[in-house]
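Participant: One structure, as C-alpha cells, below. Some questions next.
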Amino acid sequence: MSVNSPVRPVMAADILARKGGEPIVCLTAYTTPMARLVDAHCDLTLVGDSLGMVVHGLPTTLGVTMEMMILHGQAVARGTSRSMLVVDMPFGSYEESPAQAFANARRLMAETGCAAVKLEGGQHMAETIRFLVARGVPVMAHIGLTPQAVNALGGYKVQGRGADAERVMEDAIAVAEAGAFSVVLEKVPDGLSQRITQRIAIPTIGIGASAHCDGQVLVLDDMLGLFADFRPKFVKRYGELGASADEAIATYAAEVRARRFPAPEHVFADELKGKAQ
C-alpha cells in the first residue's frame with residue numbers, strides 16, 4: 001500500500017467491534033476548523049442538534065431544522081477524514097413514521113456525506129431504527145435523557161432512578177435488538193449504565209453516565225470551557241477557552257483604542273525596499 005493512500009474512515013462495523021475493548025472517543029463539532037481538531041483524536045465526530053443552543057443561541061434543541069443540520073454537517077464533513085461522521089436527526093424529522101425518517105436520513109447522508117444518523121428514543125423508536133438499518137442507514141440510538149423530549153420529561157433530569165430503571169433498560173435492549181450500532185446513554189445513573197453496558201451487545205456511549213460505558217461523548221464547547229456560567233456536573237473542563245478568548249479580545253480592543261495596533265510590522269510600506277511585499 002502506498003504511504004500516500006488515504007486513511008480509511010471509521011465505520012459502524014469498527015465501532016461495533018470496539019464493544020468491551022478500548023473506550024470509544026466522541027466529541028461534537030459544528031464547524032470545519034473544530035472538526036479538523038476533533039478528527040485528529042476521536043473515533044466519532046457528532047454533529048449534534050445541540051448546535052441550536054451552542055451555536056445559534058436557542059433555548060432548546062426543538063427549533064433546530066433539517067437545513068441547519070445539513071449546513072453544519074457539510075461544514076464538519078470538510079474537516080473530517082478519519083473519524084466516523086454522525087449527524088443528528090432534528091426534532092420532527094423522524095417521529096411521524098419510518099418512511100418519514102428514511103426520507104430525511106437519506107437526505108442527511110446524501111447532502112452531508114455522513115456515515116450514520118443519530119435519533120432519540122427507545123422502545124417506541126425501535127421499529128423506525130429497524131426500518132432504517134434494513135435500508136442501509138446506520139443508526140446511533142440515544143436514550144435516557146432525550147433533550148428533544150425536554151418538555152415531556154419536565155426538564156433536564158437524570159433518567160432511570162428507582163422504578164424508572166426498568167424502562168431505561170428496556171429502551172436499551174429494544175434499540176440494540178432493532179439494529180442500532182451504538183447507543184448514547186445520557187444522564188443515566190452509574191450503576192444502571194454499567195448494567196446496560198453488560199446486558200446489550202452494542203457499544204454504549206456515555207454522557208453523564210458511567211466510566212464503565214464503552215465510550216464517552218461531550219459537547220466540544222462545554223469541555224473547552226467556552227461558556228463561563230454553564231457547568232453541568234457531568235462535564236470536565238479540559239480548557240478555559242472562553243476566558244482566553246475574552247482576554248485576547250479585551251487586549252485587542254485596548255490596543256486599537258491606544259493606537260498600538262496595527263504596529264509597523266503589520267502594515268505595508270508605500271514603496272518596496274528589498275523583498276517584495
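Keep in mind that glycine also has a Cβ here, set from the backbone N, Cα and C atoms.
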Participant: Per Swiss-Prot, which one of Asp14, Asp88, Asp164 shares the 3-methyl-2-oxobutanoate site with Asp49, Ser50, Lys118?
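Facilitator: It is Asp88, as the record lists it for that site.
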Participant: Taking 8 Å from the centroid of the Cβ atoms of Asp49, Asp88, Glu120 as the cut-off, which other residues in that chain fall inside it around the Mg(2+) site?
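Facilitator: So the additional residues around the site are Gly48, Ser50, Thr61, Val64, Met89, Pro90, Phe91, Lys118, Leu119, His142, Pro147, Gln148.
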Participant: Using C-alpha atoms, which one of the recorded positions Asp49, Asp88, Glu186 comes nearest to Lys118 (3-methyl-2-oxobutanoate binding site)?
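Facilitator: Nearest listed residue in space: Asp88.
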Participant: Counting other CB atoms within 10 A of each CB, which of the recorded positions Asp88, Glu186 comes out lowest?
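Facilitator: Ranked by other Cβ atoms within 10 Å, the recorded positions Asp88, Glu186 bottom out at Glu186.
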Participant: Sort out the sequence-distant neighbours of Asp49 (Mg(2+) binding site) for me: same chain, 6+ apart, CB within less than 8 Å of its CB, listed by position.
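Facilitator: Long-range Cβ contacts: Thr61, Val64, Met69, Asp88, Met89, Pro90, Phe91, Pro147, Gln148.
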